[in-house]
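As recorded in TrEMBL, the features of this protein are as follows:
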- B:GLY152, B:VAL153, B:SER154, B:ARG155, B:SER156, B:GLY157, B:LYS158, B:THR159: ADP binding site (BINDING)
2 protein chains.
Amino acid sequence: MHRNVFFISDGTGITAESFGQSLLAQFTSPEFRHVTLPYVDTVKKAEQALELIDQSRENGQTQPILFMTVLNEEVSSMMHASGAYVIDLFQAFLPGLERQFGQHPLYQAGQKRSTQSNNSYHRRIEAVQFALDNDDGCRTRSYDKADIILLGVSRSGKTPTCIYLGLQFGIYAANYPITEEDLESGTQLPKSLEPHRHKLFGLTIHPGRLAGIRHERKPNSRYASRQQCQFEVANVEQMYRQERIPSINSTDYSVEEIATRIMALTELERRLK
Amino acid sequence: MHRNVFFISDGTGITAESFGQSLLAQFTSPEFRHVTLPYVDTVKKAEQALELIDQSRENGQTQPILFMTVLNEEVSSMMHASGAYVIDLFQAFLPGLERQFGQHPLYQAGQKRSTQSNNSYHRRIEAVQFALDNDDGCRTRSYDKADIILLGVSRSGKTPTCIYLGLQFGIYAANYPITEEDLESGTQLPKSLEPHRHKLFGLTIHPGRLAGIRHERKPNSRYASRQQCQFEVANVEQMYRQERIPSINSTDYSVEEIATRIMALTELERRLK
């Protein structure tokens, strides 16, 4: 027996979805089936949403759960009358904040971005572009401009982490892949990284997991073999210890978690206000 | 007079921050100063957080606002006793859900990821990699595998949007830059895109904004000139109309909004469960 869950918003729905999933993750059962409906900002779209909610109750399903971030008052009332168990994220807190600030909320969707300056928008885009331009160690000359340089063996999660550091925090993150050649000559730091020692941060990963990821790219290759992954991981971890490079094991974390933990561990300052 | 705002979590704090900013954006004043404290998961870290909260009240500042997603009960009580105006996101909704599901919440941080399968993790990483491998039209042969192909002139937001489509929705998004050469021979669709017509989606942008963005990359270049930007934007928009390619103007939207609106407009299905 599963339970139907709706994330409904008159904006992107990203907040409703992300927060709703955090709440649901605190319960081991029932099984949840999710539907996200963004930009429900007119009566017509609200009617379509209500139809989907109604349909989900057929076949003897129990009451659906509805997480909503809806500021449009008409849409909001329609959702409250849907018969679903409604978790209204705005209504729960806006009245309290209204008293705190002594003013009425705007009740306007899409306000979030406008609180951010144009500068902050540019910084994010430039930081993502920096991550792309400085991916996989091709251009070490930009390292002067980098806030951080991630090290790690191939497929240990450097690239997505660099991009997320740019997108979420406006951090200029470069990365340098530690190759087999780097490791064959010993576990000392590659020469080109020496001048940037204070910016280095290492990623590591469980060798079995690494083999699985590499196997999807190049099935049955030497590159994806367990033996090769064990060799590379053992040696790169030895390099981090020997050269005192702070590091994190990415095996059990999502990209968001890896990036946020790096921010916390390095005390890098967020570049977005 | 500003108001100090804390986002405190025993996880990444991303939910507290994102949701808290949505709420605050509904008020035009006072000015808010934000601090995010992730991974506050021990009494010691909670004490450090309390110190920061206390400091913020000095100099006659008014009561700070504290948005928290904290599951650790000890940390949670300490925050409630901080004297700040506390918005406790979990406590507001978990008791209601507890009654709905007839079971106690786990009260364990970091549960979110574990509700996602390993498959979904791989899909995200592979989708981000796909966006990178198929950036700027170098490899049109992978277009068969793409879920969507974004078109647009240089610096109209294709790359970050493709990456975000991968990261957030698991969508394989390629992009093809419409160059000056493409446009000089007229506004018909470039030949290599013909077979993929049903996957095409256009981005456009206000010419003045485009000139500003290009100017940051190549100051005072012809590329960044207002005239050049106007020429390219007018012609690419003509191409979209003539070839009936759906499109969106990215000028006033964040990357998240552009990506979510594209998902809604194209009815692309999310690949992550």
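Placement of Cβ uses the backbone N, Cα and C atoms for every residue, glycine included.
Predicted automatically and left uncurated, TrEMBL annotations should be read as such.
Sequence features, as recorded in TrEMBL, placed on the structure.
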{"residue": "B:GLY152", "record": "ADP binding site", "Cβ within 10 Å": "27"}
{"residue": "B:VAL153", "record": "ADP binding site", "Cβ within 10 Å": "27"}
{"residue": "B:SER154", "record": "ADP binding site", "Cβ within 10 Å": "17"}
{"residue": "B:ARG155", "record": "ADP binding site", "Cβ within 10 Å": "24"}
{"residue": "B:SER156", "record": "ADP binding site", "Cβ within 10 Å": "27"}
{"residue": "B:GLY157", "record": "ADP binding site", "Cβ within 10 Å": "25"}
{"residue": "B:LYS158", "record": "ADP binding site", "Cβ within 10 Å": "29"}
{"residue": "B:THR159", "record": "ADP binding site", "Cβ within 10 Å": "24"}
Proximity to chain A among binding-site residues B:GLY152, B:VAL153, B:ARG155, B:SER156, B:LYS158, B:THR159, where any Cβ pair is under 8 Å: B:THR159
Cβ-centroid neighbourhood (8 Å) of the ADP site, B:GLY152, B:VAL153, B:SER154, B:ARG155, B:SER156, B:GLY157, B:LYS158, B:THR159 excluded: B:ASN175, B:PRO177, B:LEU203, B:ILE205
Collapsed DSSP category at B:GLY152 (ADP binding site): strand
